[in-house]
Amino acid sequence: MAIPMVLEIVFPPSLVLIAASVLSLLSLAILGVLETREIHLKYSKFFNASASSSSISFKVPSRVGMLLIYTPAFLVGVASFWLFPDGDFRFLLLKSAITIHFFKRILELIFIHNYSGDMSLDTIIIILVSYFFVSLSLIYTKAFNQGLSEPSIDLTYLGIVLFLIGICGNFYHHCILSKLRTKGGKEYKIPKGGLLELVICPHYLFEILGFLGISLISQTLYSFSTTLGIAVYLMCRGYVTRKWYMSKFEDFPKEVKAVIPYVF
């Protein structure tokens, strides 16, 4: 009996997909809750903010750390075109969206972002593994669904629109944020421009929209649970970011929300 057939008997695809979906949602949500408890992933303004910051054992320049984080997930997207050359139009769109998303992040960290601090090695490992697992699992779970009947409501094109809005809005606000600090500078300012007049983390909002677009393109249980987990984490991180700005700047406008304009 072929090994793949044995694996399908021991680990039925439906069971694997459900388990992966639950694991993805819970792990991302837990990271978000930890942020609100001041147990932060140690990068950006929260590098030294965690109660356990004194235990940081190894530091890596932020630009190098981010490159290490995004490259494996990008390579998964690239490799998917070789590993899964067949598939329907929806699968092709999914592979393309994942690859474009992480390629954009690599280009931004090389050409757009102004980094001045460090990242801890444990944070790099956590985020690297998370993105790698998300990228791999989004593609693999969709490959499982090849040949099955299409959903009764096709959300592919809505997903494309949301994905494009997400990556464009995210890029635009990253450009604004990159101009707030001179090269090599470490000072923080209250950001202005675009949706920053309404929320302190509009790049998180558009990141969520981008992943929502990916989930609508895919239309699998795993993609929706992963998007929900990412949304929980980013909203929690946005919440503590807003608290940080309010604690550092007395003139921080109280009407500016964390992630969702006028709501949260």
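Cβ coordinates come from backbone N, Cα and C, glycine included.
Using a Cβ-Cβ cut-off under 8 Å and counting only residues 6 or more beyond its ends in the same chain, the transmembrane segment (15-34) has close neighbours at 40-41, 126, 130, 133-134, 137, 141, 144, 220-222, 224-226, 228-230, 232-237. As annotated by TrEMBL, transmembrane segment applies to 15-34 (among others).
Residues or ranges marked as transmembrane segment in TrEMBL: 64-83 (among others).
What TrEMBL records for 119-140 (among others) is transmembrane segment.
Mapped onto DSSP helix, strand and coil, the domain '3-oxo-5-alpha-steroid 4-dehydrogenase C-terminal' (149-264) counts 72 helix, 2 strand, 42 coil. According to TrEMBL, the domain '3-oxo-5-alpha-steroid 4-dehydrogenase C-terminal' annotation covers 149-264.
Annotation comment: TrEMBL describes 155-173 (among others) as transmembrane segment. Among residues of the same chain six or more beyond the transmembrane segment (155-173), those with a C-beta under 8 A of the stretch's C-beta atoms are 89-90, 93, 97, 100-101, 104, 108, 112, 194-196, 202-203, 205-219.
For 194-214 (among others), the entry in TrEMBL reads transmembrane segment. Panel annotation: around the transmembrane segment (194-214), residues 94, 97-98, 101, 138, 158-170, 172-174, 176-177, 223, 226-227, 230-231, 234-235, 237-238, 241-242, 245, 256-262 of the same chain, lying at least six beyond its termini, place a Cβ under 8 Å from a Cβ of the stretch.
Per TrEMBL, the feature transmembrane segment maps to 220-240 (among others). Long-range Cβ contacts of the transmembrane segment (220-240) within its own chain (Cβ-Cβ under 8 Å, at least 6 residues beyond either end) map to 17-18, 20-22, 24-29, 31-33, 35-36, 38, 40, 46, 134, 137-138, 141-142, 145, 199-201, 204, 207-208, 211-212, 214, 258-260, 264.
Long-range neighbours of the transmembrane segment (119-140) within the same chain, counting only residues 6 or more positions beyond its ends whose Cβ lies under 8 Å from a Cβ of the stretch, are 20, 24, 27-28, 31, 41-43, 47, 56-62, 65-66, 68-70, 72-74, 76-77, 80, 84, 94-95, 98, 102, 214, 218, 222-223, 226, 230.
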